[in-house]
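Here is the structure we will look at, set down as structure tokens.
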Amino acid sequence: MANLTEKILLPHRDDLNDPYMIGDELVFFVNGKKITERQAEPEVTLLTYLRRKLGLTGTKLGCAEGGCGACTVMISKYHPHLGRLVHHSVNSCLAPVCSLHHCAVTTVEGIGSVAGKLHPVQERIAMSHGSQCGFCTPGIVMSMYALLRNNPTPRMVDIEEAFQGNLCRCTGYRPILEGYKTFTTEGGCCGGRVNGNGCCMSKGDQNNGYIDDHVNGNILLPAPLYNPADFQPLDPTQEIIFPPELMSLVKTQSPTRLSFMGERVLWLQPASLDELLDLKARYPNAKLVVGNTEVGIEMKFKNLLYPVILAPSYIPELNTIEHTDLGIVFGASCSLTVLGDVLKTAVASLPTHQTGVLIAVLEQLRWFAGLQIRNVAAIGGNIITASPISDLNPVFMAAGCKLTLMSKAGPRVVVMDENFFPGYRRTILTPEEILLSVLIPYTVKSQYFAAYKQSPRREDDISIVTSGMSVTFAEGTAVVKEMALSYGGMAATTVLAKYTASGLLGKQWGEELLQDACASLAKEMTLHPSAPGGMVTYRRALTLSLFYKFYLTVQRKLAAEGVCVEVRADYVSATEIYHQNTASSVQIFQAVPEGQKEEDVVGRPMMHLSAMKQATGEAIYCDDIPLYENELHLCLITSTKAHARILSIDTSEADVMPGVVTCVLAKDIPGSNVTGPAFYDETVLADHTVTCVGHIIGAVVADTQAHAKRAASAVKVSYEDLQPVIITIQDAITHQSFYQPIRTLQRGDTKQGFTQADHVLEGEIYMGGQEHFYLETNATVAVPKGEDGEMELFVSTQAPAKTQALVAKALGVPANRVVVRVKRMGGGFGGKESRSTILSTVVAVAAHKLKRPVRCMLDRDEDMLVTGGRHPFYGQYKVGYMKSGKVVALKVTFYSNAGNSMDLSFSIMERALFHMENSYNIANVWGRGYPCKTNLPSNTAFRGFGGPQGMLVAESWINDVAQSLGLPTEQVRRLNLYKQGDTTPYSQILEHITLDRCWDECLETAHYKQRRAAVDQYNRNHRWTKRGLAIVPTKFGISFTALFLNQAAALVHIYTDGSVLLTHGGTEMGQGLHTKMVQVASRCLDIPTSKIHITETSTSTVPNTSPTAASASSDLNGAAVQIACEILLQRLEPYKTSNPKGSWEDWVKSAYFDRVSLSANGFYKTPDLGYDFETNAGRAFNYFTYGVACSEVEIDCLTGSNTNLHTTIVMDVGNSLNPALDIGQVEGGFIQGVGLFTLEELKYSPQGYLFTRGPGMYKIPAFGDIPTDLTVSLLRDAPNQKAIFSSKAVGEPPLFLAASVFFAIKDAITAARAESGLSGPFRLDSPATPERIRNACEDRFTKMCPPALPGTFTPWAVTV
């Protein structure tokens, strides 16, 4: 750290003789308004400035590392080097406010509002149902807005590129893309896929995606989910203009040096190259910052301090672009977007043989971060950062790029070779030197160049292995003359495979060269089995696989010139560059019955009630609540040990840091330190012992979040390690560390079943956990009321009543003194059902101690560290089956990694057991579940609640049965499906079962037989890419498994003007619950929805509420609302009878003047429920939601990449209350499941430290991960008499259908393994990441990279 702090060289702020110490004025514009900041703080980001200084809270904090796009704004500036205005989307969470001098910032509030007028970009995302929780919406709106400012008629490919840096956890992306497709040249159509006979809009009647009901033989013509004709047109002439005052400032003022002195950091913006070199000589350890995409992250997440920052963005020499005979010279400050634009123009105009390197750089830029990062990140920063997994450095190294370095002593030119990076994150630059420019060379005749990148997710992802490869041949031959092979991700630096390259010189390009190259690379590109980043076997195999792709690519080009043999036709796909096809989709749902009144909105695709507000940034989330006058900010102090005794907590250094008010420890808790959502087995603050990394020990409270965070990292906790440290399920099994009791569920006689079976097989599968990644992290604002111990809390939680109870317990007051209010959440997914209380209780204790309001919104890395996620599961199974494929006996054992407290793990294991047979009728079943007690943060509820884990194990064994018999998997699945009247293992008779209808419709709609034949044909014709197909059912039980939670209440007020205030026990997290409740009340009261309002969920209006969870909230709260409304209607009935022609307002006034109460409570409890594990009797569930999905994928056998080509989903949701919301839940749940089963992987160290603590390392699905072709059909004519207006629950059931993608991948791997002579069942754990896919596709290359033997090394990460 000594080389970073520079304390000796940093001048003191009081040294007024130094011209740099006199802070300049920062001048910029926000939404057309001039901002003059006289005390600009270099460490403050634009996002913090917007939210805290200007009160513009529409721009959201999602991750603070530029990985989610929630903070996207548009920055406009006059670019003197280009001579024009440029508009860029940027991540305001990374942009230092000091970098914005003479810039114009446009936020989501600046382009439209609900009260004024929405911009078309805002209107279309709302009306096309592209906003659910709404937290990501402002960022997506601004990415689209910035695109339209640059290009009013974009193509779909432009939109897809614009959204590479944006994430959404709710919608599944389809409605966003579809809504914005209406801006494109392609227009707002179905993609020409409906019924295979052209575009849905090409017919005269404009029937917008209506589709034949092939299954039932009748034609359905439902209304579309929305009508694009209702959209207001985009008028580019009406956009906000660049401030004229700013334009004159920029054009008239010559560049001047700027300095901004902050609390710890001096920001210097030199006006000339000489000035920069002077400053670099004066402050040799100063960091140069252009985009702040690396330094900003280092200062935030690595707690590094760079006291002097030099900002050279506007120095002409660093921005020049020069075309020379040898190549193109780029100034080091040129952004990656500028680099890409210049290279595209050059490629179009240059002779093909000169463009090899340029095309390779462009290919890497396609997948380099998101557009917001590329818009600001500089080419020089990318090189000097010296990341060992840089996307571009291997390309520059293989190309032999020349770098011009500069200092006061003058310039020097170096070649970017193996000597340029002497060590990890180091270059050969001296402290006084800067990188001035980069020469990217042209290729020459007979030179072939390619670049490759492999990452867990294609879009906006850091690479696992990246490479640049160049070969030059003796002219007219296939004899190698020169060669360079460069790799990233294979060492602490970017490296050249010099030994391999030199060994291939003089050799003929052919099979012998390939053998020699691979054997040599396998020896040269080695990794220690404990190497950081893990995936060692995969990374080694990739070095060979990527070279093989290069080998085939070059061979094809040589063959075209007649100096080499042709590549085998079935090998060609290995050379093809991935191009994303624009997604197309169809949604099918049942129209409302003929004759339903227009005002009756039940069953209609009504827009989410908050969608417009969410699109304009006006929707208020917890951290958007304006600051209280004397408010303080809190930051948690967490354990760095997985299992240890706390010896001491030293807060002395933190206590005296700027802004710090107090530290809160266990001794400050006025009530009980014992807490927990279901069992009191946790502490509010760790007292003597910590049992996981991330265990909350205390908190620091300060005047700003930055001060609190800084001080929290200064608190010193000393520990004494305790044993054992149990991290993984295997550790727990070894130590027999389980929570009691251990549940067993059985029916029939498994012993007899196995005896009568023709075959018995055994297997196992591991399923990884999952981070909720709600875009809004946990947040709480606690406001002490000053009397009687009262406190009001604004919390982002699914469980207001539980929050109230646990806060009251910690404060030592009755629950009636604590009010918890929830307006809305930016996503929940179960993660805020119980774990939100670990923050709320601490914030409440701090507020109580100080008698002042206290606020905390966790940073993404803190949230991921402390809150836990979906339970990892390990399943062992033994299955007995007949030759036909009929399963007759099943024995399953589940182990879940519950973490360091019980939380809800017990109920989650029960649900896993309830779903252990999925949709299959098995006569003899035995299942047992062990929740493992480990030293990880407690895992918790997550959409599906154990169901997906149980069902994945089921699908694994039924897949094994089919493979072992050589039967089609769909045949074996269909044979075993439940039928009407069958009984489940927990003795529940299945009534009104629609599984068979869903299955048949899915086969029909997906054209399964034709698709299967096409997949088989494709696989016969392609060796290195394979396709797979799978169809998977789901049966999801609806009810809380804890009986007492199946209750709900509602409170309805009618005011004398006829308006209705509706309150119920459910919370809004994006699922549209409030919208559905308004629809229900509207029908019950027979009044328009415009008269009904829901303001929030509060413990002071509806008490003792169940958490909004288990998919049951519409059922429970809807019934309660209905009951309350019916009570009111009964009271109004006499006035309606006596005045039949009167209006609603007339009846209400009459009742009021007649002194009739216009307020009513409704209470509902689900009837006939209650299951007993001991007797295996009773009804566990009120009913079941059924669904079936068919998916087709394509995998790259050499890299493990996969593409989702097609998915058809048929979902039985009864009579949908709102098809738009329900289809949104189906698609959103499905894409979240795609993440669970193919992408999202939590990486823990053997010591229990979580590596994946943000979007940089933890990958949720992005826009490009949705199926290219997606059909969602809500089953028609399937009313459900057990729920409100014959509807069904929809939140959780669709998630598991993404297992169809997992098993389609497994199907494709099966085809790949067959090429190597491998057949029969094989184990594939979840998620099916590129690493697992590649390692399962065994071939000649994987055999050259055998894994190290377990036990001979300590792995970087463990399977928990």
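Positions of Cβ are set from backbone N, Cα and C atoms, glycine also.
What TrEMBL lists as active site, proton acceptor is E1292. What TrEMBL lists as [2Fe-2S] cluster 1 binding site is C63, C68, C71, C93. Summarising the annotation, TrEMBL assigns [2Fe-2S] cluster 2 binding site to C133, C136, C168, C170. Residues or ranges marked as FAD binding site in TrEMBL: L288, V289, V290, G291, N292, T293, E294, V295, F368, D391, L435, K453. For Q798, F829, R943, A1110, the entry in TrEMBL reads Mo-molybdopterin binding site. Marked as substrate binding site by TrEMBL: E833, R911, F945, T1041. The feature domain '2Fe-2S ferredoxin-type' is assigned by TrEMBL to 24-111. Among the features that TrEMBL reports, domain 'FAD-binding PCMH-type' is placed at 260-445.
Distribution of TrEMBL features across the structure.
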residue : record                          : Cβ contacts under 8 Å, 6 or more apart
C63     : [2Fe-2S] cluster 1 binding site : A70, C93, R860, G1254, P1255
C71     : [2Fe-2S] cluster 1 binding site : L47, T59, K60, L61, G62, N91, S92, C93, G139
C168    : [2Fe-2S] cluster 2 binding site : C136, I140, I176, L775
L288    : FAD binding site                : K280, L310, A311, P312, G380, G381, I384, I434
N292    : FAD binding site                : L94, A95, P96, S99, V376
E294    : FAD binding site                : G381, T385
F368    : FAD binding site                : L336, R374, D391, L392
E833    : substrate binding site          : P677, Q798, A799, L904, T940, A941, P1107, T1108, A1109
A1110   : Mo-molybdopterin binding site   : F945, I1038, S1039, F1040, L1045, E1292
Cβ neighbour count within 10 Å of V290 (FAD binding site): 24
Residues that sit under 8 angstroms from R911 (substrate binding site) by C-beta distance, when 6+ apart in the chain: F945, G946, G947, G950, G1037, T1041
Span of the Mo-molybdopterin site, taken as the largest CA to CA distance across Q798, F829, R943, A1110 (Å, rounded to a whole number): 13
Cα separation, R943 (Mo-molybdopterin binding site) to V290 (FAD binding site) (Å, whole number): 41
Inter-residue Cα distance where the pair is C68 ([2Fe-2S] cluster 1 binding site) and F829 (Mo-molybdopterin binding site), in Å: 18
Most Cβ neighbours inside 10 Å, all chains, among the binding-site residues F829, F945: F829
Cα separation, C68 ([2Fe-2S] cluster 1 binding site) to L435 (FAD binding site) (Å, whole number): 30
Inter-residue C-alpha distance, C170 ([2Fe-2S] cluster 2 binding site) and R943 (Mo-molybdopterin binding site) (nearest angstrom): 12
Env. residues of [2Fe-2S] cluster 1 site, Cβ within 8 Å of mean position of C63, C68, C71, C93 Cβ: L47, K60, L61, G62, A64, E65, G66, G67, G69, A70, N91, G139, R860, P1255
Among Q798, T1041, the one of these binding-site residues whose Cβ has the fewest neighbouring Cβ atoms within 10 Å: T1041
Helix, strand and coil counts within the domain '2Fe-2S ferredoxin-type' (24-111) (DSSP): 15 helix, 31 strand, 42 coil
Non-site residues, in chain order, whose CB comes within 8 A of the mean position of the CB atoms of C133, C136, C168, C170 at [2Fe-2S] cluster 2: S131, Q132, G134, F135, T137, R169, T171, L775, G826, G827, G1070
Extra residues within 8 Å (Cβ to Cβ centroid of Q798, F829, R943, A1110), Mo-molybdopterin: G828, G830, G831, E833, A941, F942, F945, M1069, T1108, A1109, S1111, G1291, E1292
Cβ neighbour count within 10 Å of L435 (FAD binding site): 23
Any further residue of that chain within 8 Å (Cβ to the Cβ centroid of E833, R911, F945, T1041) of the recorded substrate site: G830, L904, S907, I908, E910, A941, G946, G947, F1040, A1109, A1110
C-alpha spacing of C133 ([2Fe-2S] cluster 2 binding site) relative to R943 (Mo-molybdopterin binding site), in angstrom: 15
Inter-residue Cα distance where the pair is C68 ([2Fe-2S] cluster 1 binding site) and C133 ([2Fe-2S] cluster 2 binding site), in Å: 15
